[in-house]
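As recorded in TrEMBL:
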- 3-97: domain 'Pyrroline-5-carboxylate reductase catalytic N-terminal' (DOMAIN)
- 7, 8, 9, 10, 11, 12, 69, 70, 71, 72: NADP(+) binding site (BINDING)
- 162-257: domain 'Pyrroline-5-carboxylate reductase dimerisation' (DOMAIN)
């Protein structure tokens with residue numbers, strides 16, 4: 001099994017690292033991490049028994065595959081540090097805005113690379129990860145990466161020009177979904193439900209509805225119609241959502257996140 005190293009241990013990297021260990025794809029002692037925030041490293045080491053590194057270079061020298069999980073504004077700075085140490089290792093980037101073309105310019109020709117867009121539900125093994133079709137990984141490396149991300153959810157390979165739009169749904173979408181869960185729960189609390197009960201009802205309803213659409217592949221509108229009885233309470237709720245611009249708000253949120 002390859003050794004995987006994470007440069008950066010923010011929310012997304014923590015979700016991926018924790019997810020691949022929880023799914024038994026890899027043991028914690030095969031996962032390495034570096035972050036300038038030592039508290040993050042200590043927390044992940046305590047939870048998942050991964051190995052902390054002293055620097056980016058220290059990490060690169062110990063692993064086979066490097067996951068770049070840092071803020072876009074420090075990518076160039078970090079690449080300068082590790083560029084000559086990467087050699088023929090593979091780099092997986094989860095950095096927003098950095099695609100195959102940019103890494104072709106930043107990295108040495110011998111360093112293979114792939115840009116991906118994961119999301120935080122990876123921590124509970126329900127992630128949605130987009131892989132950029134244009135990449136320089138070997139067939140074996142790509143198979144390994146697909147297997148890795150498949151252990152924490154679904155994987156979809158998209159051409160470069162669709163990655164940004166796809167990320168607006170799967171990458172930013174969880175925040176929109178959490179807002180919807182919170183709003184549904186607030187409505188339930190307003191009607192007298194305890195907060196914990198309202199959250200459970202809202203979350204499970206979203207999970208079940210999403211799974212039903214996914215498994216049946218039916219148009220969401222048809223599934224919605226199946227719940228709405230003529231003159232019933234559900235269609236009145238749907239009408240309220242339409243009157244308050246629910247669809248338009250969601251569409252605009254996705255477009256603004258692109």
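Backbone N, Cα and C define each Cβ position, glycine as well.
All annotation found in TrEMBL is predicted automatically rather than curated by experts.
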Could you break down the residues of the domain 'Pyrroline-5-carboxylate reductase dimerisation' (162-257) into DSSP helix, strand and coil, giving a count for each? 79 helix, 0 strand, 17 coil
My understanding is the cutoff is Cβ-Cβ under 8 Å with a sequence separation of 6 or more in the same chain; which residues meet that for residue 9 (NADP(+) binding site)? 17, 33, 34, 35, 37, 40, 41, 44, 69
Longest inter-residue Cα distance for the NADP(+) binders 7, 8, 9, 10, 11, 12, 69, 70, 71, 72, rounded to the nearest angstrom, is 15
With an 8 Å cut-off on Cβ-Cβ distance and a minimum sequence separation of at least 6, pull the same-chain contacts of residue 11 (NADP(+) binding site), or say none. 120
Using DSSP with the three-state reduction, classify residue 11 (NADP(+) binding site) as helix, strand or coil. helix
Tell me the residue counts in helix, strand and coil for the domain 'Pyrroline-5-carboxylate reductase catalytic N-terminal' (3-97), as DSSP assigns them. 48 helix, 18 strand, 29 coil
